Amino acid sequence: MIASTGKTNLLGLTQQEMEKFFDSIGEKRFRAGQVMKWIHHFGVDDFDAMTNVSKALREKLKACAEVRGPEVVSEDISSDGTRKWVVRVESGSCVETVYIPQGKRGTLCVSSQAGCALDCSFCSTGKQGFNSNLTAAEVIGQVWIANKSFGSVPATVDRAITNVVMMGMGEPLLNFDNVIAAMHLMMDDLGYGISKRRVTLSTSGVVPMIDELSKHIDVSLALSLHAPNDALRNQLVPINKKYPLQMLLDSCRRYMSSLGEKRVLTIEYTMLKDINDKVEHAVEMIELLKDTPCKINLIPFNPFPHSGYERPSNNAIRRFQDLLHQAGYNVTVRTTRGEDIDAACGQLVGQVMDRTRRSERYIAVRELSAEAETAPVAATRT
């Protein structure tokens, strides 16, 4: 457990919250913008370094506030440029953040919880159970740490991080308020100024919160599907028993429609040998998604000890992909990145106890992040 200082952590405050904070200490609201730029654009955590802030205000801030991100436990860099950070949060648990570069694009995969309560059968985090929600500061702190690590400050100039995906450890919609606040900071010009099309939230299917999402934010949405029928999905993703497929897809369509633009849902589908990789599964998937504008990301499973699952053959994956292509869907197969630093999916057993095993996580979310700039709407199933 990391000891709390009792001070207000400014790192996770949205612009509105920051303005209220300055009101509360008797200062002008414009100070909020000044301080936010120092924190997020320049990566500053020392009030004395904020040179356009008066000395009196700096002293006041030091007495009642702080800028504190998660503690970096380790940082590793792969031969392919993938980076992985293990960070410790206030609860004492460790979570992971992974950066995947590709050309001019750099995607950061961010965690939202330590542990997970959803108990997906191919996910070791689910077997470990839920530990804690990350605070807004701990969620946005992963972006802050990565940005500082690259030395890409100010954040709006020659940025290394062009896309963020909430696909790390945990179910983002079960930490709704903190994740929403952090995503607002990702997109705010006083934060990281990332386009709404380049911020993606991935969910296993918490239907009420999908319906709530459009009232609070406009970001891209990805659905962890993993099965084309309720019977199989009930086994793989138990939350499906509460929110079955048609209910779930209806909520996703409502959300996408609410955006008022030609946006498509990303479908994530972890491929498990002899479980969900057969021709009949592809046929079911084609029928299931016929009314859902979407692109599909097939994710070959990376086995881990005692998982009970195996990766399908390349032929089985290609056959599945071809069937979906022939039906008119835009389909990609995830490419594994960062294996030499154990940043590839399923490679971190024993290093961090509370880590995700959702097999779609961490790497090769590059396909997702490319949607806005490389996937024309005409190439998607409508």
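Cβ coordinates are placed from backbone N, Cα and C, and glycine is handled just like the others.
Its Cβ placed at the centre, Glu96 (active site, proton acceptor) has 26 other Cβ atoms within 10 Å. The active site, proton acceptor feature in Swiss-Prot is assigned to Glu96.
Taken from Swiss-Prot, the feature active site, S-methylcysteine intermediate applies to Cys345.
Cys120 ([4Fe-4S] cluster binding site) falls outside any helix or strand according to DSSP and counts as coil. As annotated by Swiss-Prot, [4Fe-4S] cluster binding site applies to Cys116, Cys120, Cys123.
Residue density at Cys109 (disulfide bond): 29 other Cβ atoms are found within 10 A of its Cβ, drawing on all protein chains shown. For Cys109-Cys345, the entry in Swiss-Prot reads disulfide bond, with the evidence type sequence analysis.
Sequence annotations record features per position, and here Swiss-Prot assigns domain 'Radical SAM core' to 102-342.
Here the C-alpha separation of Cys109 (disulfide bond) and Glu96 (active site, proton acceptor) works out to 9 Å. Neighbour counts of Cβ atoms within 10 Å were compared across the binding-site residues Cys116, Cys120; the minimum falls on Cys120. There are 26 other CB atoms within 10 A of the CB of Cys123 ([4Fe-4S] cluster binding site), with all protein chains counted. Cα-Cα distance from Cys116 ([4Fe-4S] cluster binding site) to Glu96 (active site, proton acceptor): 14 Å (rounded to the nearest whole number). Of the recorded residues, Cys120 ([4Fe-4S] cluster binding site) and Glu96 (active site, proton acceptor) place their C-alpha atoms 19 Å from one another.
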